[in-house]
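Q: Okay, handing you the structure first.
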């Protein structure tokens, strides 16, 4: 999920992290218990994409109204915005541990409400509860891990939270697949999130509060007991002293002057840092990443794959690549640099979105024709708009699906069904072998089909005759190219735009303003996420899937230009150098050249 803090680190830190398994398992217990919040965050983000397919089947009002589908998805994001805001206050007032416990409670309540929802309204209420938990977990889990970890491996342990988020997304697709044939399908998919929430609640009851928070509240003896469990005996006294001095300095800084928005905007370095940081967060969402994460199976169906199970199976590829990309980014972020990685990422994203736009244009403009003979075979269920059309011979599948008084569907030719069934079997055994997959899919012949009323009775009649039933997309010979486009999109997005905006935001602001500026940037990310999630399906309905992806592609190009002009390279630079760079506007336009390290510049000056 692109909505969480990522921290750059190196391989040595992960090796030291691994050694904690036998050296100090207590630290790992703290980190992974808190990290379950990240797993829940990722699971909830991914599970709705598959559950939505079956929610539409159960609630016809959801299937008919695009805005209801978008609301079911996006209300969790709206809840997350509120949860993040309330979570910040709750973290300071009641502590990190209590905030995680409350987030788990909200997760559990939301999961129960969603699993038992008798109507879409109550389902949306459950999504809001889960969203509140997501928002609190998104900021509290990494904060707790950071404050309860030894300094040397803090980055590695915080990064595990990011892995658990993408791992949770991948797990959600596996769970979706596991319950495709179970009674209640989507209720199991959504309800099962209550189990890890309950597990984390129990584990956190057995764990202590963050030592830093305890120091801030004057509970020093409690904090020292915890620190002695975290650090080796040789280091613990120094760490206690350092933490005490850090907290005292922080309190003095807070008391010296209040930070307000006008002061932020009048400070040149902060203003330029905010332009870069907030801009990156907005572009991260507006290039469409969460349309892929929230609506991946729906996009696959729009590309011409009618089966819910096949759509979920193929969507598993995007979730797997996203999880892999978060690991790859750790290797490249400190070797390649933030700016270069962002530009490579945006260039690839723009190309991928251009490919998707082209594929969906071909899919909609070359859909199979409607046959009068095939349609008359279901004479009692012919689509009324087709029956009354002045030129029915010009009707194709796409025109049939756009009929709205009442809604109509496309029953494909029996030949298409047989070949598509063979493809589905092949996908389940060799889904990752793209060369073979493309060859298989090209065998599909697009024969004319029937345009019929869209309801469960007609759907069953169509299936009974070994045909495929389409209501969201049409059969297409180009569907495999859409899968390639989605895969390329994730491959380019995840290592760069997926992680770098968060890392740049953690480095670009002066220390005193870092908390408030980081909060502004994170809020911009969540709000942008909400806008995209709430508008994607409406856009595809209003202007078509092809134009929607083309808009995302144009935004990617604008984002690329934005990075070149406004985003400095922060790799390996101390905060003083970054501030100086922002002050003088000496941005590193030649991003392909290695920037000099501060000590090299000093030696040259001498």
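Placed from the backbone N, Cα and C atoms, the Cβ positions cover glycine too.
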Q: For the record in TrEMBL, which of the ranges 379-400, 401-422, 423-444 is the transmembrane segment one?
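A: Checking TrEMBL against the ranges 379-400, 401-422, 423-444, the transmembrane segment one is 423-444.
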Q: Which range, 30-55, 212-237, does TrEMBL list as transmembrane segment?
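A: In TrEMBL, residues 30-55 carry the label transmembrane segment.
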Q: Tell me which range among 273-296, 513-536 TrEMBL lists as transmembrane segment.
A: 273-296
Q: With TrEMBL as the source, which of 239-262, 311-334 is set down as transmembrane segment?
A: 311-334
Q: Out of 67-86, 124-145, 185-207, 341-360, 547-567, what stretch is closest in contact terms to the transmembrane segment (478-504), meaning most Cβ pairs under 8 angstroms?
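A: Result: 341-360.
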Q: If I take every residue in the domain 'Major facilitator superfamily (MFS) profile' (30-571) and average their pLDDT values, what number comes out?
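A: Here the predicted model's pLDDT, averaged over the domain 'Major facilitator superfamily (MFS) profile' (30-571), is 83.
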Q: Rank 30-55, 67-86, 273-296, 311-334 by Cβ pairs under 8 Å to the transmembrane segment (157-179) and hand me the top one.
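A: Top-ranked stretch among 30-55, 67-86, 273-296, 311-334: 30-55.
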Q: Among 67-86, 124-145, 273-296, 311-334, which stretch has the highest count of C-beta pairs below 8 Å with the transmembrane segment (30-55)?
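A: Between the candidates 67-86, 124-145, 273-296, 311-334, the best contact partner of the transmembrane segment (30-55) is 124-145.
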Q: Does the transmembrane segment (98-118) make contact with the transmembrane segment (185-207) through 3 or more Cβ pairs under 8 Å, each pair 6 or more apart in sequence?
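A: Between the transmembrane segment (98-118) and the transmembrane segment (185-207), contact is present.
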